[in-house]
Amino acid sequence: MENKSNVTEFILHGLTQDKTVAKACFSLFLLFYAAIILGNLLIIITIKTSRQLNSPMYFFLSYLSFLDISYSTVTAPKLLYDLLVEKKTISFVGCIAQLFAGHFFGCAEIFLLTVMAYDRCIAICKPLHYTNIVNKHVCGWLVAASWVGGFVHSMVQTLLTIQLPFCGPNEIDHYFCDVHPLLKLACTDTYIVGVAVAANSGAISLSCFVVLVVSYAVILVSLRIHSSEGRLKALYTCTSHITAVVLFFGPCIFIYMRPSTTFAADKMVSVFYTIITPMLNPLIYTLRNGEVKNAMKNAVKKLWSRKV
């Protein structure tokens with residue numbers, strides 16, 4: 001990672017400089033992070049132990065929960081620690097590692113949400129051929145493709161960043177290391193790199209968004225020939241996924257599909273997609289899904305009976 005830099009560490013400004021507000025934020029985000037871990041772990045355990053939840057939709061949901069835990073863990077523990085200390089530092093290597101991991105898990109989640117839309121489209125539009133088209137082998141390849149896509153995207157973003165020289169200042173006006181705040185600190189013209197970064201993120205976000213829109217357009221058209229009960233069941237399932245997509249894609253598009261600039265609202269928007277959305281996803285996919293709720297109750301009963 002030698003990049004002609006004399007910066008060995010970065011100073012993070014964090015969410016707030018006010019100690020009272022910081023303590024309040026620590027308590028709040030600690031609860032949020034605990035909810036992320038417990039809620040998503042419960043979904044993973046429920047799906048892995050339940051015989052009823054063996055369809056591809058729940059297979060993908062278990063990996064979405066794993067990604068939510070991983071993605072929030074990239075930033076949340078460091079955020080919680082920094083809320084309690086006065087000097088918020090991160091090494092150059094640690095900063096680059098956080099940037100890589102954040103983009104890796106975040107992009108993998110974008111691809112997985114797109115795969116889940118494709119899965120719902122096939123399930124609703126071609127129910128008789130669904131098990132043949134989206135079989136276990138295909139599911140495994142689709143999840144693997146999401147991981148590979150996330151890795152390639154993250155490698156591009158990371159390589160574009162580490163080849164820049166950082167001569168100082170070394171203060172990042174954010175609570176974690178990300179591309180745009182780092183580009184501001186580079187002691188060289190970053191216009192071309194900024195365009196490449198935006199193009200990389202933009203191409204992925206835009207292509208996935210197009211696939212999502214087309215998938216749900218096809219679903220809405222095909223629902224016209226279904227019964228009222230079938231339409232309601234399909235809409236309940238799709239509504240949960242659309243909600244998760246909007247909550248994740250909206251903030252990501254705001255942050256990454258633009259030139260290399262930073263806004264005052266970036267921190268709050270980042271909190272939304274790194275902490276709030278991973279916390280809400282378990283609720284989104286369980287509150288409107290009777291199968292998952294019943295399976296969760298059974299899973300909790302089994303765990304409780306084992307302890308007793």
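Using the three backbone atoms N, Cα and C, a Cβ is placed for every residue, glycine included.
For 20-45 (among others), the entry in TrEMBL reads transmembrane segment.
Per TrEMBL, domain 'G-protein coupled receptors family 1 profile' is recorded for 39-285. On the 0 to 100 pLDDT scale, the domain 'G-protein coupled receptors family 1 profile' (39-285) averages 87 in this prediction.
For 57-76 (among others), the entry in TrEMBL reads transmembrane segment.
Sequence annotations record features per position, and here TrEMBL assigns transmembrane segment to 96-118 (among others).
Sequence annotations record features per position, and here TrEMBL assigns transmembrane segment to 138-156 (among others). Sequence-distant contacts of the transmembrane segment (138-156), counting only residues of its own chain at least 6 positions beyond either end whose CB sits under 8 Å from a CB of the stretch, comprise 56, 59-60, 63, 100-101, 103-112, 115, 118, 196, 200-201, 204.
Among the features that TrEMBL reports, transmembrane segment is placed at 203-223 (among others).
Summarising the annotation, TrEMBL assigns transmembrane segment to 235-256 (among others).
Here TrEMBL flags 268-287 (among others) as transmembrane segment.
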Key: Interface present between the transmembrane segment (268-287) and the transmembrane segment (20-45) (three or more C-beta pairs under 8 A)   = yes
